[in-house]
């Protein structure tokens, strides 16, 4: 009869959590201790275009609301368009052997990325915003 090893029960070994590894434990709400007193950790702020999207919505449709899911979609959309315009403007700056992204590059990027009438409206609104900013300074 072949000798079979019976499975031995192993007691779980206590390991100290490693910094940044899988076993690292997350700090609770109490956070760090200073002089024996628990100090609450401040939550990191989440940046969003939510308030601006809401303001524009109220300008266009004052009696309409927006769900948090729809707000999340709109926020993602604005972030995506911003990233596209910024990267295209950066590319144009590199092509023209410049170091600074100016309003001209941003305007050209908008013309390249947005179709027809939408680009015209975006350029006119952008120009209006830049003029308002320069006159207020």
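Every residue, even glycine, has its Cβ placed from backbone N, Cα and C.
Pulled from Swiss-Prot:
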| type | residues | note |
| --- | --- | --- |
| REGION | 1-43 | region 'Disordered' |
| MOTIF | 6-9 | motif 'SPKK motif 1' |
| MOTIF | 11-14 | motif 'SPKK motif 2' |
| MOD_RES | 11 | phosphoserine |
| MOTIF | 16-19 | motif 'SPKK motif 3' |
| MOD_RES | 16 | phosphoserine |
| CARBOHYD | 124 | O-linked glycosylation site |
| CROSSLNK | 132 | ubiquitin cross-link |
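Every protein chain considered, the tally of other Cβ atoms within 10 Å of the Cβ of the residue listed as 'O-linked glycosylation site' stands at 10. Counting only the Cα atoms, the space from residue 124 (O-linked glycosylation site) to residue 132 (ubiquitin cross-link) is about 12 angstrom. When Cβ atoms from all protein chains are considered, those within 10 Å of residue 132 (ubiquitin cross-link) total 9, not counting its own.
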